[in-house]
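What follows is a short report on a single structure.
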Amino acid sequence: MNAAVLIPVTAAVQIHHYRSCLKNRRDVLISPSLWQYAVLFNRFSYPSELEKTLLLRGYHTVLQDALPHYPKSMKCYLSRTADRMPSERHQPGRLKTYYLLNAASLLPVLALEVKDGETVLDLCAAPGGKSIALLQCAYPGYLLCNEYDRLRGRWLRQTLESFIPQPLRNVIKVSELDGREVGDAQPATFDKVLVDAPCSNDRSWLFSSDSQKATYRICQRNNLPALQVGLLRSAIKALRPGGLLIYSTCTLSKAENQDVISEILTSDSNIVPMDISGIARTFSQDFTFAPTDQKCSLLVIPEKGKAWGPMYIAKLKKGMSTRKWQGELCKPC
């Protein structure tokens, strides 16, 4: 495996960048009372009464019919306040009716545009929310949910069991490979790949009463960009020619977002950035977007009343040997 080559990013630079990006966002990120939770229906089990309950509580649909390729089977509701529906507990043999999530987490799934019968890889799948969302969109011919961490892998399996009926589980496989090895193990196999990469996870480190510990965690994560590039290189190997790849994180860190994508585009001439600026225009009423200087990427930033994100999303396409492209492409980021 070739080692990823990135310009080193010092902890001081990362901290300075965070402070700059988090101005006017910190209050939302460190205040759970302001956090919002979307309700993603499980199309395999939700009762009609659930929709009525949410409407009475002031929820409204999000994303519905907003994009030409929007999956009609996906239903997601959100409230403009910090209302939260109770979580459903896992009961073996019984499907849950909804999944609580940050609404911005659905954007990577929608950007992937999964269609019935396609082969799909969720490279860093635990705890399983995006895999569940993928299955609300389409019936893939094969879905590989990979999670390297065994404990998180058990969580992933339980999530799939809680939401997906047994017949559909026959086309789903859960693996526990190092994500950087999947491309070599299954080269040119998948039509679509989602890389929801391990990242600094701003909400987690900010929501800490120990500032020294939070700073230490940032310092320890200087190796994340190299890991993320390694995961992307593996994902590219796993893609079929012409396949689509979505990279996402839940951090504002430029080193883990734009810089990682720039490294891939600079080093691999067979990867083309795809313009997804239309998603920001379409969903600007429910999400707040910050500029990324990349047409192939979006950055959702949280604010009071729209406490979704952080969520960075980039869309790439693997080229064909003829170097002839189809679809809407953008200039290198």
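Keep in mind that glycine also has a Cβ here, set from the backbone N, Cα and C atoms.
Just one of D191, D196, D202 is listed by TrEMBL for the same S-adenosyl-L-methionine site as C124, A125, A126, P127, G128, G129, K130, E147, D178, and that one is D196. Summarising the environment of A126 (S-adenosyl-L-methionine binding site), the number of other Cβ atoms within 10 Å of its Cβ, over all protein chains shown, is 24.
The C-beta environment of G128 (S-adenosyl-L-methionine binding site), restricted to residues of the same chain at least 6 apart in sequence and closer than 8 Å, consists of C145, W155, L156, T159, L160, F163.
DSSP assigns K130 (S-adenosyl-L-methionine binding site) to a helical segment in the three-state reduction. Listed in sequence order, the residues of the same chain lying 6 or more apart from K130 (S-adenosyl-L-methionine binding site) and placing their CB within less than 8 Å of its CB are S105, P108, V109, D122, L194, D196.
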